[in-house]
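Copied over from Swiss-Prot, here are the features:
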type	residues	note
REGION	1-44	region 'Tail (penton base attachment)'
REGION	1-23	region 'Disordered'
REGION	45-392	region 'Shaft region'
REGION	393-398	region 'Spacer'
REGION	399-582	region 'Head'
REPEAT	45-59	repeat 'Shaft 1'
REPEAT	60-75	repeat 'Shaft 2'
REPEAT	125-139	repeat 'Shaft 6'
REPEAT	201-217	repeat 'Shaft 11'
REPEAT	387-392	repeat 'Shaft 22'
């Protein structure tokens, strides 16, 4: 008969070892009835021992796993290769090491501790003393904190005293008293006479009017009547109005304008036009003031003045003006009523209160240094000898920017001032008319070799159209026209002469529109042609300088290599035009 199958986690010693469902997994011969303790079926159908660390099987036998320091002796006993010796307070009993302790040391929960009683306590792993004021721990020593009058003297507590307290020979604290204090009765008392008395153990003062004791503050006060007051804790006479005190606290009469004290008499002090010999009266001169029949001060007035009735039923003297003649009132002052074309000058250097009338001007009109009206002239306009407006002025020509018609050596091609470069720019509305020519005066271009096949001149301008230092042309040779020379003062703006940035954009590569290409001739000889390329707002200059321009012009003359040897570089004049920036 089969037994009930145990749970899956227990060993079933009854054959067969099959599951509750399904056929037997392995054949079996006889059912070995064995204890499940220490046995297991692993793998299925095989009876084996159930072992755990440090037990193991080795060569079919049960064996013991051993770590470092353990071994088996010849008798098969487990031994340790490390022999431990100890010294007191440690002791060894068989395989155990223990610690001998005595009070106050003890072992609690396997740890060595110190048994303590108050005021000792273990805090944060350290033995300390609990203390309450006045006991304290200072410099790792228990001490007593003191505060005056208690102090420590010669390692003993002592009492500091000062008069009237003192220590007697019997080491007692006594009080030294002087009149009116007394200690005759063994207690501190006061000797007193009237008006001081004692009532219910309290000192009081016998008083009568005008003295009284204020009920709310128990302070002695003085009752004051009319004309008397207490001020800054002092009893004094109450004064008001013109009565006061002098520097010696004497009562006096204060006097103001028109009054003074002389020989302890109050005197009316007057000045002209008043007189006070016997009575106060007004002195009148020969002016318009007079005393009328009603004994009132009145005024005589003539033409240009009149009296008018004010809103408060008073009469006021006013100037009579004729508004139709250009006069008017400005608040309380007479003013000129300026019409169209006239105004008042507020920018006068004479005085900020002086505003002369002047002609009101608009665009195109100004004042000269003499204050006369003149016409404002823009660029290209001037006055001729007759004073008429004319176009152009050769002595101050703001329509021509040039090098002069015949400049000195002013340009660098290969070396400083090795070339005379002529360039004239004339503003013609939205166009600029230009003439250019170049002549070598020194260096290798004064006698060219066969290796030279081109000459380039670069002009670079900043955002204001001012020639930059990194140009081939020297700055001081380039300015507005003044006769056959240039202005002495450097110019600051010539944007109107610059190539238009929309028409000739500064791009990474030159475009066809940026270039003006034509044929010119060496020395003006038609048998010696050269190609002139004028580039407007080109970018080739950025490879030669770190300072980038806003506008630029470059002029390049080129010819076949090997030609014109020993010749001097000199070009004929070439005229061209371009669209202006402004």
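Keep in mind that glycine also has a Cβ here, set from the backbone N, Cα and C atoms.
Within its own chain, the repeat 'Shaft 6' (125-139) has Cβ neighbours under 8 Å at 114, 116, 118-119, 145-146, counting only residues six or more beyond its boundaries. Long-range neighbours of the repeat 'Shaft 11' (201-217) within the same chain, counting only residues 6 or more positions beyond its ends whose Cβ lies under 8 Å from a Cβ of the stretch, are 190, 192, 194-195, 223-225. Regional average pLDDT for the region 'Spacer' (393-398) in the model is 76.
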